[in-house]
Amino acid sequence: GFGRIGRLAFRRIQNVEGVEVTRINDLTDPVMLAHLLKYDTTQGRFDGTVEVKEGGFEVNGKFVKVSAERDPEQIDWATDGVEIVLEATGFFAKKEAAEKHLKGGAKKVVITAPGGNDVKTVVFNTNHDVLDGTETVISGASCTTNCLAPMAKALQDNFGVVEGLMTTIHAYTGDQMILDGPHRGGDLRRARAGAANIVPNSTGAAKAIGLVIPELNGKLDGSAQRVPTPTGSVTELVAVLEKNVTVDEVNAAMKAASNESYGYTEDPIVSSDIVGMSYGSLFDATQTKVLDVDGKQLVKVVSWY
């Protein structure tokens with residue numbers, strides 16, 4: 001799959017030493033795929049050269065083969081030396097379906113979506129230590145889970161989480177209509193113009209947090225509000241903690257937990273400021289709130305993605 005996730009992953013991989021993309025499988029014409037890689041409305045132009053060639057395209061002088069197999073079992077990954085498949089179509093997001101790539105010679109599959117209870121769901125730097133190397137299929141979780149997980153883990157590790165509700169204020173996506181019209185999935189709200197409305201939507205990110213942080217299983221729930229921005233989203237978590245805290249204590253815990261995938265900022269940023277960042281989650285210390293009423297507290301934390 002070479003959609004939004006596939007193309008942005010491709011861009012990021014260009015700067016990863018020891019990893020090379022040799023093949024893309026997508027039902028879209030290679031000319032279109034190359035054009036969408038080269039030009040991107042929200043992320044800017046590709047930093048390099050992209051030239052269409054017979055059977056694929058050349059990126060920075062290296063040829064990338066493009067195929068259009070509908071059935072993953074029919075993709076001969078081994079011929080092109082593919083060891084890891086990034087399953088980013090959205091259609092083969094369950095273990096049994098993703099395993100079809102293994103029959104074509106791939107050794108590992110990473111699903112770029114929630115994968116269910118029968119595969120390990122991994123958020124890097126939050127629970128990647130659950131991997132022992134024997135796995136053939138794993139899930140990289142959803143974008144919202146990647147944002148929520150490190151923030152929730154920091155709360156759990158430092159203060160303990162009793163329960164919480166999450167809201168993601170989410171950029172509109174390709175499964176919404178650009179103008180009012182029938183939605184292919186029958187969703188009456190996503191049938192409305194995505195760039196002109198706040199569109200309430202469901203999200204499984206909060207419930208799925210238990211797959212990443214078992215101690216939080218069943219303790220979180222949430223919802224989404226799709227808003228008229230093309231990229232840049234934010235997750236708000238309102239939680240009851242086991243210990244009473246201050247804003248400074250919460251922010252200090254988040255700063256201590258920061259790493260190359262979980263950022264920390266005290267700048268008064270807006271959504272466009274995070275476009276192109278490498279963090280899966282950027283904690284915003286300026287939005288931390290603690291409400292104290294008769295000795296009971298609600299704590300609100302916010303992170304961008």
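Cβ coordinates are placed from backbone N, Cα and C, and glycine is handled just like the others.
Automated prediction, rather than curation, is the source of TrEMBL annotations.
Taken straight from TrEMBL:
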- 1-143: domain 'Glyceraldehyde 3-phosphate dehydrogenase NAD(P) binding' (DOMAIN)
- Arg4, Ile5, Asp26, Arg70, Thr112: NAD(+) binding site (BINDING)
- Ser142, Cys143, Thr144, Thr173, Thr203, Gly204, Arg226: D-glyceraldehyde 3-phosphate binding site (BINDING)
- Cys143: active site, nucleophile (ACT_SITE)
- His170: site 'Activates thiol group during catalysis' (SITE)
Would you kindly give the Cα-Cα distance separating Ser142 (D-glyceraldehyde 3-phosphate binding site) and Arg70 (NAD(+) binding site), rounded to the nearest Å?
23
Round to the nearest Å and give the CA-to-CA distance linking Arg226 (D-glyceraldehyde 3-phosphate binding site) with Asp26 (NAD(+) binding site).
27
For the binding-site residues Thr112, Ser142, Thr144, Thr173, Thr203, which one has the sparsest Cβ surroundings, going by other Cβ atoms within 10 Å?
Thr173
Which one is closest to Asp26 (NAD(+) binding site) in space, judged by CA to CA distance, out of the binding-site residues Thr144, Thr173, Thr203, Gly204?
Thr173
Cα-Cα, Ile5 (NAD(+) binding site) versus Gly204 (D-glyceraldehyde 3-phosphate binding site), nearest Å, comes out at 18
Confidence summary for the domain 'Glyceraldehyde 3-phosphate dehydrogenase NAD(P) binding' (1-143), mean pLDDT rounded:
96
Secondary structure split (DSSP) over the domain 'Glyceraldehyde 3-phosphate dehydrogenase NAD(P) binding' (1-143) reads 40 helix, 30 strand, 73 coil
Give the maximum pairwise CA distance in Å, whole number, for the residues Ser142, Cys143, Thr144, Thr173, Thr203, Gly204, Arg226 listed as binding D-glyceraldehyde 3-phosphate.
16
DSSP state at Thr203 (D-glyceraldehyde 3-phosphate binding site), helix/strand/coil:
coil
